[in-house]
Amino acid sequence: MNQFKHNDLDDVGKDTYHHTFFEMLGNWSFGDYFKEGAIGYAWELLTQVYKLPTDRIYATYFGGDEKAGLAPDTESKNIWLKYLPNERVLPFGCKDNFWEMGDTGPCGPCTEIHFDRIGNRDAASLVNNDDPTCIEIWNLVFIQFNRESDGTLRSLPAKHVDTGMGFERLTSILQNKMSNYDTDVFMPLFDAIHKLAGAGIQPYSGKVGSDDVGKVDMAYRVVADHIRTLSFAIADGSQPGNEGREYVLRRILRRAVHFGHQKLMAKQGFFSSLVDVFVRVMGDVFPELKDNEKKIKDIIKDEEASFENTLAKGYERFKKAADAVKENGGAVLSGQDAFVLWDTYGYPIDLTEVMAVDFGLSVDMEGFNASMKEARQKARNARYKAGGKSIVLDANATSQLRNQGLDSTNDSPKFQHKVHSSVVKAIYTGSEFIATASGDEDFGLVLESTSFYAEQGGQIYDTGSIEGPSGSFTVNNVQVFAGYVLHIGSFLEGPDSKALSVGDEVKCKVDYTRRTLIAPNHTCTHMLNFALREVLGDHVDQKGSIVLPEKLRFDFSHGKPVQPEDLRKIEYIVNQQIKDELEVSAQEIKLADAKRINGLRAVFGEIYPDPVRVVSIGRKVEDLLANPESKEWLSISTELCGGTHISNTRDAAAFALISEEGIAKGVRRITAVTAECASQAMKLASSIDTDINEASKLDGATLEKKIGSIKNTLDAAAIPAARKADLRGNISKLEDQLRKAKKKIGEENIQKAVKTAIDAAEAALSEGKTFCVTHADVGLDTTAVREAVVKAMNRFKGLPIMVFSTDEASNKAVIYAGVPPNAPNGFKVLDWLTPSIAPLKGKGGGGKNGLAQGQGSDASRVKEAMELATQIASMKLS
């Protein structure tokens, strides 16, 4: 069994026995053998199979706790005395030898087996004393009680055994090594790390504490441990991120990258390259590593690169702050500085603490937590402001309600589409509870029961009204806090006196028209989740969702953009389920029963109630419960969900997948619409398609203008993403058509303009002229006009030439002129061009290599300009 552990992350690397990942060996008994059998089996395996020397084994047992009313576990002690002398059977208290998962639930005493790595000594004082030479290797837990909610212990009718033995620790003993890190589990990694380390970094030598100068060996252990953890976690479907368990993985990765760069002088990208080595070592035993090797490496590589972008700047920021503290005689890095490192540079706080220790400093954790709290409150206030959520029941407020004996709000009527009767139990202003609400301020009402849906599970809250004997309260927002549903809103403005008081009987009137828009979006979110896994694969996990009246949004794990063809398939699957008119079944069942259903989907890290509501599309929940392991259920959508849904998929009418984008490393987001919005999206797509087909019949400037218009429309259009990609392709074809037409016209214009200039030059020379002024009818094609001048000058050496061309539609003109460098009388091209185009309201420039160009904004006077050019040339060249 693979185990991940992060609560002592700061210790990993410092010593030789802490890990963030370890393999757990174990055996279990459910109502069968108990203490005698468990201890006997453990002794037999360790001493007869593994051949561990018996004189180096110590056992601990629960020594009792008078305050807790728990007697010593003398049964375990007496069993151990059959195998070990009394001085090696040691009692300990609740901390070490009474196992509990939490405040309530199964629990019981445990006995631990410790091994002395040295031998030939009395190591009893080293047991449970954090000594690496005397370590715990096996814990046998005897689950015989249940901790009740009032703190009392109730004996279980059937006794169970749950044991766990650390594979790495056992390996180190069997291989006669002094630490887990000296075994063949880690040595190949250390060899690979050394090859990636900077020049002068020595191979791993197993040093700790003050002997480990520069913390080089600590860095080896950190990097090796952390690449194991991340590789297994990613292979199991998780990945680094910003929340919960995923943030733990991000902390672990950034800690490894920091130690690699700062202590081992490794180059950028070193960490992800270790994946190859680790998979080679462990892949045969754990095939999931080989199956996901590329995925593991890609995710770690992206995360590593992301942190490396800010790593150096962050360290500079830290060093500057740390140096300032020391210069001023201080010993504590401010919480604000630590917060900036976290917020701006992505440094986890535990990493900042590690760096601070290197500088002989500590971190003001109280200040850091205060800065974090302030930042979160600002973000929360911004969200509340954006969503209109102005009133919050904080922990003190909900505690007040609980102390008053007020039960949590019964919100089961939310699945009934009818007016619901209830009673006002509390009124909150945001700072205090009051007896009566009146006026135009916002209030929060807590009712005995409600038919309003409070925002949760990604689904937006209901709106509507609460009607009382003296007023109508408009509900603008509904939230739930510690089980209390808060209806946030105000009374409508008006001359009538309006009020609600605690104890008033009221009617809950939900805006079911709005709810009817939300429900199909929620059901289609489930169908989308199913379709994504069908098309992209089983690695897809929900990362979040928002269900609104106008759209749905779904975040999911996937390492790259979804291609248009896959988007088309996903959209097709959802629409096919709608066409199949599948029944949507919902039923509240025990959580354990729900988890047995094959193919059940749940949000990773979400805490679900027990019992829990199951929503199944296409089969009744009772059918699933009748045969939960059936592979048939893999072909339908089944999820844990407390939201509101349609009763049949046909009520969604249509589904359109509007957009797909990346929002974080390895996380993609889809936005979609249903029902009338989906139909409108499809109609708009068809309309744009028609416009593109009609545009293909156009040419020239008219086509160019139409293409620009269609592109603007398409960019802003909320239409199916796959269809949008197709339409962009069709527009590209139109643009290609336009480019080819322009190229052909350009070639024709050049031929036409060159011929015009050469013919005019020949005519001028035959008439005895020493220059040429002509008009080429090629519109505003400056390339063609320039080519005409250059080619004519090359043909007729020494002949000054000026070519005009105009466009009647825009009333503009372009002009090109060329004068050879050896022209008589110092004749210069700009001396000719600039005054000649004055009638055209023109301006010119150039002069390089005897060429100049100009343009005019009054082409109607081109004849006048050409005559002026003729006069100037005649005068200058005579």
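Glycine is no exception: its Cβ is also placed from the backbone N, Cα and C atoms.
Taken from TrEMBL as is:
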type    : residues               : note
DOMAIN  : 1-684                  : domain 'Alanyl-transfer RNA synthetases family profile'
BINDING : H522, H526, C641, H645 : Zn(2+) binding site
COILED  : 724-751                : coiled coil
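On its own chain, H522 (Zn(2+) binding site) has Q459, V547, L552, C641, G643, T644, H645 as residues at least 6 apart in sequence with a Cβ closer than 8 Å to its own Cβ. Within the chain, the coiled coil (724-751) has long-range Cβ neighbours (under 8 A, six or more residues past its boundaries) at 564, 567, 685, 688-689, 692, 695-696, 699-700, 703-704, 707, 710-711, 714, 717, 778-779, 781, 783-784, 787-788. The Cβ of H526 (Zn(2+) binding site) lies under 8 Å from the Cβ of V615, I617, S637, E639, C641, H645, each of which sits 6+ residues away along the same chain. Taking the mean position of the Cβ atoms of H522, H526, C641, H645 as the Zn(2+) site, the remaining same-chain residues with a Cβ inside 8 Å of that point are T523, T525, V584, V615, E639, G643, T644. Mean pLDDT for the domain 'Alanyl-transfer RNA synthetases family profile' (1-684) in this predicted model: 90. In the three-state DSSP classification, C641 (Zn(2+) binding site) falls within coil. Packing around C641 (Zn(2+) binding site) is summarised by its Cβ count: 24 other Cβ atoms lie within 10 angstroms of its Cβ, all protein chains included.
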